[in-house]
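This is the structure, below, for whatever I ask next.
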Amino acid sequence: MGPLGRAWLIAAIFAWALLSARRGLAEEAEASPSPPPSPCPTETESSAGTTGATPPTPNSPDATPEDSTPGATTPVGTPEPPSVSEHDPPVTNSTPPPAPPEDGRPGGAGNASRDGRPSGGGRPRPPRPSKAPPKERKWMLCEREAVAASYAEPLYVHCGVADNATGGARLELWFQRVGRFRSTRGDDEAVRNPFPRAPPVLLFVAQNGSIAYRSAELGDNYIFPSPADPRNLPLTVRSLTAATEGVYTWRRDMGTKSQRKVVTVTTHRAPAVSVEPQPALEGAGYAAVCRAAEYYPPRSTRLHWFRNGYPVEARHARDVFTVDDSGLFSRTSVLTLEDATPTAHPPNLRCDVSWFQSANMERRFYAAGTPAVYRPPELRVYFEGGEAVCEARCVPEGRVSLRWTVRDGIAPSRTEQTGVCAERPGLVNLRGVRLLSTTDGPVDYTCTATGYPAPLPEFSATATYDASPGLIGSPVLVSVVAVACGLGAVGLLLVAASCLRRKARVIQPGLTRARALGSAP
């Protein structure tokens, strides 16, 4: 068979396959009827009603779950949703029965509708769900139902009645302090909250255009609306604090019907973070104090220390929490590091504070500082020329001064700079002088180097000078006696030397004569 013959054979086989596939699809469509068409909007609305039900009035109030109490009654004109079985279609009196076919024959499996689909005898029509009744209008509208404001700031939330049913109604404003958001990511303060959860408290009642009740204990915290205009009901808080944050509920009672409107109010304040590095002595370690002051809400801060950018273990820090009378919390963290050497450079100490304003909002604050390291001064006290002298070596210039402490009180003194410290550039040497006391007996002279920052200790040196009359009459007498004693000692030495010389002269001739006699034959 040539190439042309093979091409005709392939085309014939392909055409036969297409015809077979189309025939199979047609048979399958005839055996499986399509689902019934969806009902038109007119049928859905009519089938949703119940027998004898009346449509809702246009001005009926909306009784939604958030605006009505659980015990609130349903308005008379509101239709109830019909009870629809899961397997049976809804039966209503408002939908007419289906008309018989035009040819008078009952519908069967072989009878098709106008669009070609079976009109009966096939699959049963699934039940159509009934339409929910229309919602009532809300009786009260507020511009915001969840409000968050800064701490101690005034708050105003505009609310107003949306319907006309205000005459003769009793309006009440309730307040409840509740346990607000507490982040589990923050550190526990372990202190008592002065404003814990409390039961609801009635703040204000208005009826028939006059004030029926006003809380004497809490009323000064609010500005209540005027009873002459029951349609305008704003919520005004003079200062939003831990004592006034919570849930506020407007409630309207009209006979057996009770409606409510809830507004949730919360407050917050970010901490004021500061770091104060503590002065240190060479080789004594480092310390710093971090403060996160006056923050709210509780358990909303987390604190970490860093040394030269690296985290510091929590065991090196000690935290203390406090709460004031207004409900604001504060924390103080003291960091102590002992691994220091005399020649080490002071580190950079950083305090990071994470503050959780709400469940989904986190802000971070940090402060850092470097401790100042001081060298202990070298102090020495001695007495010279009727004066007490104090020498202080290697002290900060312009900051440190010398103070004398003596039993007889204050006496004239002077302090002067004698040079620079050779061992530590930038430090100087001081010399303080004070007259000796006129008090008889032993007297202690204490010299103190003042001006070092807290919490460094005071550096001092003490020496005792005995001015008893039995020993010396005065400082001048001491000098005279010393000179006399010296001269007396010199005189004694001269006398002794003269005596020895004379004795040597007397003995010398006798020895010469004896030697001469001994040498004669």
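Every residue, even glycine, has its Cβ placed from backbone N, Cα and C.
For reference, Swiss-Prot lists these features for the protein:
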| type | residues | note |
| --- | --- | --- |
| SIGNAL | 1-21 | signal peptide |
| TOPO_DOM | 22-475 | topological domain 'Virion surface' |
| REGION | 24-138 | region 'Disordered' |
| COMPBIAS | 41-54 | compositional bias 'Low complexity' |
| COMPBIAS | 66-76 | compositional bias 'Polar residues' |
| DISULFID | CYS142-CYS159 | disulfide bond |
| DOMAIN | 155-227 | domain 'Ig-like V-type' |
| DISULFID | CYS290-CYS351 | disulfide bond |
| DOMAIN | 386-451 | domain 'Ig-like C2-type' |
| DISULFID | CYS390-CYS447 | disulfide bond |
| DISULFID | CYS394-CYS421 | disulfide bond |
| TRANSMEM | 476-496 | transmembrane segment |
| TOPO_DOM | 497-521 | topological domain 'Cytoplasmic' |
Taking only same-chain residues 6+ apart in sequence, whose CB is under 8 Å from that of CYS390 (disulfide bond), what do you get?
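Once residues fewer than 6 apart are set aside, CYS390 (disulfide bond) is near LEU379, ARG380, VAL381, LEU402, TRP404, ARG431, GLY432, VAL433, ARG434, CYS447, ALA461.
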Excluding near sequence neighbours, so keeping only residues 6 or more apart in the same chain, what lies with its CB under 8 A of CYS421 (disulfide bond)?
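The answer is ARG393, CYS394, VAL395, LEU427, VAL428, ASN429.
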Going by DSSP, how much of the domain 'Ig-like V-type' (155-227) is helix, how much is strand and how much is coil, in residues?
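The domain 'Ig-like V-type' (155-227) comes out at 3 helix, 26 strand, 44 coil.
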Cβ neighbours within 10 Å, counted over all protein chains: which one of the disulfide-bonded residues CYS142, CYS159, CYS351, CYS394 has the most?
CYS351
For CYS142 (disulfide bond), which DSSP three-state class applies?
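Note: CYS142 (disulfide bond) is in a strand by DSSP.
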Just to verify a number: CA distance, CYS351 (disulfide bond) to CYS159 (disulfide bond), in angstrom, no decimals.
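CYS351 (disulfide bond) to CYS159 (disulfide bond), Cα-Cα distance: 44 Å.
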How many Å lie between the Cα of CYS159 (disulfide bond) and the Cα of CYS290 (disulfide bond)?
44
